[in-house]
Amino acid sequence: MSSKIVQNMLKSVPFNRLRMSQIRTKATLPPLAFEYKDLEPIISRDIMEIHHQKHHNTYVVNYNNTLDKLQTAVAKDDTATIISLAPALKFNGGGHINHSIFWDTLTPHSTKPSDNLDKALIQNFGSFDEFKKQLAAASIAVQGSGWGWLGFNPQNKKLTVISCANQDPLFPTTGLIPLFGIDVWEHAYYLQYKNVRADYVNAIFEVVNWDAVSKRFAEASA
């Protein structure tokens, strides 16, 4: 998995111990399970197409290019270059990981959280509406660019709302397993919502794929 390289590097595994088989693993742009127009009127076709084909694809291309440089540096035992590549791997690898989760947890169809996820949301936040309020608030409050996340803490088995800056991937950054994230980079909403991030954040709950989020929760809490 391409994400494993990013996770390993963020855990400070010595770069020269990375297996070459890991370094050769390239990222690919995942296809969407729906058409670009299908999330309208919540997210416009133009935003979806540009977001997926341009922005996400750029992370994929840059990540793969950085992997090529890493492979060469590892082969040469060039420690300085290996270390210098870490920020690019984190940013572009995180962008790929975050967006892959994002697409999977959006849908034009009406869905609801599973009974187990619904119970967990109520247990951890008091109610489903309170959970949405907290996730929306965390997402809207991000300074600059970043993500608001619903994550699962594997240590205490609790759900948590948190935000991450830029393209920092949730699990390597915080240890929380990502269940659902709201992209609050301007490219995710500006063409449609202008500078009113709150309107976009509050609207996106209408197209959450709760089946996918519930599946991620079941796997994380198993």
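Even glycines carry a Cβ here, placed using N, Cα and C.
TrEMBL does not curate its annotations; it predicts them automatically.
Annotation comment: TrEMBL describes 28-106 as domain 'Manganese/iron superoxide dismutase N-terminal'.
If you look up TrEMBL, you'll see His51, His99, Asp183, His187 marked as Mn(2+) binding site. Around the Cβ of His99 (Mn(2+) binding site), the same chain contributes His51, His52, His55, His56, Tyr59, Asp183, each under 8 angstroms and 6 or more positions distant in sequence.
Annotation source TrEMBL lists domain 'Manganese/iron superoxide dismutase C-terminal' at 114-216.
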Under 8 Å by Cβ from His187 (Mn(2+) binding site), same chain, sequence gap 6 or more: Ile47, Ile50, His51, His55
Cβ packing number for His51 (Mn(2+) binding site), 10 Å threshold: 22
Surrounding CB atoms that lie within 10 Å of the CB of Asp183 (Mn(2+) binding site), all protein chains: 25
